[in-house]
Amino acid sequence: MQLLQNILQNVNVLSTHGPLDVAVQGITFDSRQVREGVLFVAVRGVQADGHTFIPKAEEARAVAIVCEELPQELNPSITYVQVKNSSEALGYLAAAFYGNPSAKLKLIGVTGTNGKTTSVTLLHKLFRELGYHVGLISTVQNQIDEEVIPSTHTTPDAVKLNELLAQMVKAGCTHVFMEVSSHAMVQHRVVGITFAGGVFTNITHDHLDYHGTFDEYIKAKKSFFDMLPKNAFALINADDKRGPVMVQNTKASTHFYALRKAVEFKGRIIDNTIQGLHLEVDGQEIWAKLIGTFNAYNLLAAYGVAVLLGEEPTEALTVLSSLNSAAGRFDYIVSESQITGIVDYAHTPDALENVLNTIQQIRNPNQKVITLVGCGGNRDVAKRPLMADIACRLSDKVILTSDNPRFEEPQAILEDMQKGVKPLDYKKTLSVLDRKEAIKTACMLAEPNDIILIAGKGHETYQEIKGVKYDFDDKQVLRELMQQLGK
Ligand SMILES: CC(=O)N[C@H]1[C@@H](OP(=O)(O)OP(=O)(O)OC[C@H]2O[C@@H](n3ccc(=O)[nH]c3=O)[C@H](O)[C@@H]2O)O[C@H](CO)[C@@H](O)[C@@H]1O[C@H](C)C(=O)N[C@@H](C)C(=O)N[C@H](CCC(=O)O)C(=O)O
Ligand SMILES: Nc1ncnc2c1ncn2[C@@H]1O[C@H](COP(=O)(O)OP(=O)(O)OP(=O)(O)O)[C@@H](O)[C@H]1O
């Protein structure tokens, strides 16, 4: 419980109507969650405008309503607060309501198109091994030490985020590693949050359905570094062309990591095999369990964060070298006949290219690469032909199939992908709409020692079709089919 006047402190208030010393029992921006004593914040969304639900919140006896536009008639038993920007206000209100938990933690945010989940998961595991109580906020799952809390978004909304951080403070966490999505930045989900550090992994074309242009997407990512305080650090991948842009206006101290440039946290790949990465980091050699060049970047980022947080470099490197990847991130099984089945979350052109380049680097010339890939419905359509083209370019056989079609027709998504297949590649490409059938086809085509890559869904344990999530786990289906087919 908090007094309204106390949680309004950082909010840009235009006018108030009614008493401010009322007790607020909870905060929500969803009228369906309003109960007596709860504060309702009317947020303008993509699908709807929260202002249209103010009457519902009034009916449900909200104690106060925060909005950009006041209703025509005000209910005398409710306090109305008119603000300049409701979603921004929501961030400050939620942070204050939960006692500004982020300021009581060393909270590190990781942003970028790829590598967020892997980096925060590595950091969570590393700091657990170093003996700390640690929180994790990620696409796959949230965690307080080993306790798993299901995740619905890459970055939760402001209310859930602050509630989760408060829970982490209460559980004694000293460090929290979280993903910061570009959607979260635009929707002000992290307004009012105090970060001790921020990491930039990379940026490539993605989410243009939401941001409109690549420039807007870059701006969204950059705004995270603009909000970092002076005593925070910004750790940037210097090998990414947009790295320096990210920190042009930051107040935080700037640090760089790279494989290709001589910077503060410098790495070099000595060897890159299916057994792992042999790296040199700051002059020290390690053999890491993670596979692929992109994981060398994730390891470097995690190492940089650990050092910037005051950890002993050699100890941090030693622990990092022993860690496995996050679920569905270059996750692999090897069958009886030595077929390697890799399940990876690569669902962007860049990520797919990275994974396939990695496989090309570590395979023997006699191992065929069979790639199975689809694209999600109701998301960026521009990437569909690109992903099919990349798969063809870097594989011996390609099976185009369904990902999460959501509300689109799976066949139409497949046809968009087929447009990216060049005539020379027609012979190596098959289209199998049903994902299980497609995996079965890949298994049947595979000969001993071949490599099957199942891209796009990684850790997901469902396939989303017309609003229903059906059980589907790529790794489990692959394992079962390999056994059934005696592969
Ligand atoms: C496109 C998008 O990002 N939408 C997010 C947004 O919802 P919205 O703006 O569409 O909400 P809306 O449906 O228009 O409703 C507007 C307002 O009316 C309110 N409302 C609505 C109905 C009602 O009866 N009463 C009511 O009060 C809603 O609570 C809301 O405040 O704000 C909601 C609350 O924070 C999010 O849950 C929702 O995420 C949707 C479900 C989503 O799928 N988002 C994805 C794209 C996303 O955010 N992804 C990124 C990661 C991307 C990546 O890197 O892969 C993430 O951080 O997860
Ligand atoms: N540093 C990296 N650079 C480029 N690609 C990467 C990197 N790390 C991982 N990938 C690839 O991108 C995929 C997604 O990785 P990860 O889940 O860590 O990224 P993410 O940023 O969390 O993505 P999302 O927000 O979509 O979950 C991986 O399975 C891998 O194929």
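Cβ from N, Cα, C; glycine included.
Note: TrEMBL annotation is automatic and uncurated.
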Practice problem: Choose the correct range: of 99-102, 151-154, 403-406, 447-450, which one does TrEMBL annotate as motif 'Meso-diaminopimelate recognition motif'? Give that range. | Solution: 403-406
Self-check item: Candidate sharing the meso-2,6-diaminopimelate site with Asp403, Asn404, Pro405, Arg406, Gly456, Glu460 (per TrEMBL), from Arg363, Arg379, Arg479
Solution: Arg379
Quiz item: What are the other residues, in sequence order, whose C-beta lies within 8 angstroms of the center of the C-beta atoms of Gly112, Thr113, Asn114, Gly115, Lys116, Thr117, Thr118 at the ATP site?
Solution: Val110, Ser119, Glu179, Thr201, Asn202, Asn298
Quiz item: What Cα-Cα separation, expressed in whole Å, is found between Arg406 (meso-2,6-diaminopimelate binding site) and Asn114 (ATP binding site)?
Solution: 22
Self-check item: Closest of Lys116, Thr118, Pro405, Glu460 to Lys221 (N6-carboxylysine), Cα positions, binding-site residues only
Solution: Lys116
Quiz item: What same-chain residues, at least 6 away in sequence, bring their CB to under 8 Å of the CB of Thr118 (ATP binding site)?
Solution: Asn295, Asn298, Ser325, Ala326, Arg329
Practice problem: Provide the number of Cβ atoms within 10 Å of the Cβ of Asp403 (meso-2,6-diaminopimelate binding site), excluding the reference atom itself. | Solution: 23
Practice problem: Return the member of Asn404, Gly456, Glu460 nearest to Asn114 (ATP binding site) in space, with distance defined Cα to Cα and candidates limited to these binding-site residues. | Solution: Gly456
